[in-house]
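All remarks here apply to the structure that follows.
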Amino acid sequence: MAGGGGGGSTSGEGPRELDQTPTWAVSTVCGVIILISIVLELMIHKIGEVFTKRRKKALYEALQKIKNELMVLGFISLLLTFGQNYIASLCVASRYGHAMSFCGPHDGPSGESKKPKTTHHLQRRVLADAAPTQCKKGYVPLISLNALHQVHIFIFFLAVFHVIYSAITMMLGRAKIRGWKVWEEEVINDHEMMDDPSRFRLTHETSFVREHVNPWAKNRFSFYVMCFFRQMLRSVRKSDYLTMRHGFISVHLAPGMKFNFQKYIKRSLEDDFKVVVGISPELWAFVMLFLLFDVHGWYVTAVITMIPPVLTLAIGTKLQAIISDMALEIQERHAVIQGMPLVNVSDRHFWLSRPALVLHIIHFILFQNAFEITYFFWIWYEFGLRSCFHHHFALIIIRVALGVGVQFLCSYITLPLYALVTQMGSTMKRSVFDDQTSKALKNWHKNAKKKSETSGPMQSPLPNLRPKTGGDIESASPANITASVDVKESDQSQPRDLLSGP
């Protein structure tokens, strides 16, 4: 069937070049792509406005980081598009060109053997309809235009799934912490009864000690086995939350102070989220190593797949062990408890005395897990579910199931548990400390101004806080823990509701 006009072509002449394509077709395609891009940009902008309006500074910064990562992926795609002809013209020796392949020598990308590709697969490779690179004898092309097009699709999958996994991680984490709001409301509404200093109890009778100190805790092996299963059965109990809340307020603020600890944890999670959504150069290096060692018959990637679940369970066990160790310390120090049990707050509870190290490991877990699931869906889309990439299909299904389980476990249990337990470190998060200090300083200044004429020198009404040289604040808590921040005018525009009820 012949096309009309001199620019037409028969069905056997191959694809038309741009100069032979109708202008309305080019304009329509470009317009649709531009329209979709503008809509997506407006959606991201509106989400940023919502975060700004609700004073979610950490979430807004995380959104900006995601936009930056998408921009990096866009630059990679642009460089591939601009340099694809040059890259496809490179030739390498045959002995290198056929080494370390994704599939075996007798396997095609569409199945266990070299079967003809379906029309569906061929249509998705229309950009690769070009003459193959001519290399001299003994040499083969470094990479074909068809393979470069598939890499383009892979970058698109990375961008889309990065946004999806980031949203899932944050939603699951916030959902978990939202469940602690009931406990916070209970302790704020009935604050005097929950922390009655006149109430004396035997240490082993307190709920916190009783739930963590048992015969299993006497042996370190059985102790860690108990902590391993506790993270999956019930990671945070009411007694755990109330005890750590009491310890945090007693050490970093003032004993008996009304403080919305649940909101503080929620903002702490948002701060942690800023870290786990980023893609650092080290993580890009991991992507390159993963692709490099995904060689047919090596099964290296199968071993790498086991890293996220093992690390996730190890971190959860460690965080549970920190809580149980604090209960053991209380029992060893005191036979009788006055009021609420007071935990020993210190960085020494964490690996290498660095609480932030745990967050970086969680970041790696979430990225690797998201990348592997993205990789699975990309292979499914490009080569089919039963391709040579999935040579052992049962193993692939197990890997995907593990990936989904790790995503849920790490987002819903491990990350919120870290946000809570990390408050048992020696320092208070700067981002939220600024909010509390800003409000306290404002009230202090307001009250001092009223009393300046009658009271003489200003006395600080802030419990356990005293001004230092240079405008910093030093904590005078019983644990002698110091936390300083820079007090700026801009901090006064941040949320100031941590000292109020929920």
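Cβ coordinates are placed from backbone N, Cα and C, and glycine is handled just like the others.
As written in TrEMBL, here are the features:
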type: COMPBIAS; residues: 1-11; note: compositional bias 'Gly residues'
type: REGION; residues: 1-20; note: region 'Disordered'
type: TRANSMEM; residues: 24-45; note: transmembrane segment
type: TRANSMEM; residues: 66-87; note: transmembrane segment
type: TRANSMEM; residues: 151-172; note: transmembrane segment
type: TRANSMEM; residues: 273-292; note: transmembrane segment
type: TRANSMEM; residues: 298-316; note: transmembrane segment
type: TRANSMEM; residues: 357-381; note: transmembrane segment
type: TRANSMEM; residues: 393-421; note: transmembrane segment
type: REGION; residues: 444-502; note: region 'Disordered'
Intrachain residues whose Cβ lies under 8 Å of the transmembrane segment (273-292), provided they are six or more past its termini: 58-59, 61-62, 65-66, 69, 72, 100, 162, 166, 169-170, 173, 301, 304, 359-360, 362-364, 366-368, 371-372, 375, 415
Non-local residues, at least 6 beyond the ends, that sit with Cβ under 8 Å of the transmembrane segment (151-172): 59, 62, 66, 69-70, 73-74, 76-77, 80-81, 270, 273, 276-277, 279, 366, 370-371, 373-374, 377-378, 381-382, 407-408, 410-412, 415
Leading stretch by Cβ pairs under 8 Å, where the reference is the transmembrane segment (357-381) and the options are 66-87, 298-316, 393-421: 393-421
Tertiary contacts of the transmembrane segment (66-87), as residues 6+ beyond its ends and Cβ separation under 8 Å: 44, 142-143, 145, 148, 151-152, 155-156, 158-159, 162-163, 166, 277-279
Beyond the flanks of the transmembrane segment (298-316) by at least 6 residues, Cβ under 8 Å: 228, 231-232, 235, 290, 358, 361-362, 364-365, 368-369, 372, 395, 399, 402-403, 405-406, 409-410, 413-414, 417-418
